[in-house]
Amino acid sequence: MKIFREVFELGNKEIILETGGMARQADGSVTVSCGNNVVLVTTVVKKSVADGTDFFPLSVHYLEKTYAAGKIPGGFLRREGRPSEEQILISRLIDRSIRPSFPDGFFNEIQIVATVLSYDGAVAPDILALIGASASLAISGAPYDDVVAGVRVGYTNGKYILNPNKQDLRDSDLDLVVSGTDDAILMVESEANSLPESVMLGGILYAHKHLKTIINSINRLAKVASKPRIEYSIYQINKFLKSQIKSQFFGEIKNAYTIASKQERNLKLNAIRKNVLEYIFSSDVDGNEYTEKEILEAFHDIEKDLVRSNILEGKPRIDGRCTETIRPINVKIGVLPGVHGSALFTRGETQALVVTTLGSDRDAQLVESLDGIEKCRYMLHYNFPPYSVGECGMVGMAPKRREIGHANLAKRATQAVFPNEEAYPYVVRVVSEILESNGSSSMATVCGSSLSMMDAGVPIAEPVAGIAMGLIKDGAKYAVLSDILGDEDHLGDMDFKVAGTRYGVTALQMDIKIKGISREILEQALEQARVGRLHILGIMNEVIKEHKEAVSDVAPQIHVMNINPAKIKDVVGRGGATVKGIVEKTGAQIDTSDSGEVKVFAKDKKSMDMAVAMIEEIVAEVEEGQVYKGKIVKLLDSGVFVNLLGSQDGYLPFSEIEQAGMKTNSLVEGQGLEVLVQNIDRGGRVKLSLVAR
């Protein structure tokens, strides 16, 4: 068993790549180590293309094993179940990073599995998994010539931090992941605290500069440990077939792409496709028999060439806009009467209905990871039903990877403006229902989430808007597109989503399909996105620019009290009897903590006010010189104990009672008396006198 090893340094941390010791039956197998973190990444490549495959079936699975952190899983079975959302997001991150490096038309199935075997809690293992995926591919024999690497960058006190640990990230204004080849940026994912575009661009370029070290190490490992290149074929469009279709139908296709409406355009294109199929099947084009798949792919290539050339020649886009124009926007809030907050955001043929729901601490999501269980106060969910694109399909199923990814992007875009628990004790769930989709539904979700939360009275620091940018590039000619359509995303070279406030960027997500994205293009895209974002924010601000001061009448009420910690036991009572009594009487939900914090959560203001008043009565402090109406709780030979407030009693001597002209033999437990607090000694004992009638 021969083991090959490569060692390099990344941000003052040593990283070790090793192959030959584990999972040797996989085509590629690499362990990546950093400190006490160990990630095993395997690659298996199918040697032939499955019948009927017309796409690249790449699948990436990132898995965390709880034993890696010395823990036993929760749940009845005590074993790992389906991957968490965080694991799915990391799988997507790796997929998006490596997919562009494969040749067009390569349809062999590839499966990559990254398994976290050991975890020390200091450094997130996602970048190690990404590096391992690239290394295992490089030695697998797959056609993976442009090796990819990825790094994380933080930003604190005006300085970029390479490969930050988790503590660094807690103090950082930026969490940026960049992946790419030696000469090209392929993928960007980030969350930021409203940073200027210049800082974001600087972070991307800083990250790319440090990819070379990783790529060189992977190349050295591949040079000594790589398996022979597999034999494979590349599917290519039949050029003669394409020319025949173009000669007969190009005019019709060109006219169809002057129709601005997506539905009408698709109806026209479907009719042309039908005619194309009939023409090819009924005529002997070149003596060959073509499949429907081959014909439609040639047709699609003509569409792609047409749309791209029109844009590069300065002609109007598919819907008639120029490169920088944003589609018409319509904003409404409070569209649903029975919810806590709602907004309907429509941009062209993309529409998001976003609803905000307020809850208590008990509604917070508990997220289990290798770091333990974390309480999540802000949840954002994204739903993409088939009717949003005029199709039939499965409804009510678990969210797909794409839905999870879009929800996460929208959440990261708005996380920077979300209030902390001290400022806003509610738990918040935002749900985006995509009602129509023709590009940039995730950015519509960002805009709608901001509007919906403000409608619900959530005190976000600033409104947030998002925009999706595109790119068409051919050699030195290029065009950056603002607010791209679905077709422009599909037929273009870049999908660059930018979200932020009027002050700066809160989230970036970029996927690039080609090489050679220059600094100039990135600068233009960021600046064009900034102008577009401010335009969108201006329209949103005309409807609502600050959160509502009060929550909706149908929203629950919450009140936070800070009392003397010693009084918590009085609020709770023996065996919880006191707090249970308050809950039963008022219907409120009450949570207490040893620090003295009491949270009262109620369905309406009346219920909350009643519960707060009862708690205030229990915890109120007796004061000297004050008169109280109390009840006798205990009779003694020399006097009585009178309950004043909550569990606070005072002693009333018979001498004081007789002095006030009342007979002591007539006193009974439960009898009401009006008493004056004469003094409170150092031990907290209260002496009373009777107020004369």
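Cβ coordinates are placed from backbone N, Cα and C, and glycine is handled just like the others.
Small disclaimer: the values here were computed from a predicted structure and weren't measured.
Database features, via Swiss-Prot:
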- Asp489, Asp495: Mg(2+) binding site (BINDING)
- 556-615: domain 'KH' (DOMAIN)
- 625-693: domain 'S1 motif' (DOMAIN)
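Taking every protein chain shown into account, Asp489, Asp495 are the binding-site residues, and of these the Cβ with the most other Cβ atoms within 10 Å belongs to Asp495. Break the domain 'KH' (556-615) down by DSSP state and the numbers are 32 helix, 16 strand, 12 coil. Secondary structure of the domain 'S1 motif' (625-693) per DSSP, as helix, strand and coil residue counts: 9 helix, 36 strand, 24 coil. The average pLDDT computed for the domain 'KH' (556-615) is 91. Under the DSSP three-state reduction, Asp495 (Mg(2+) binding site) is assigned to strand.
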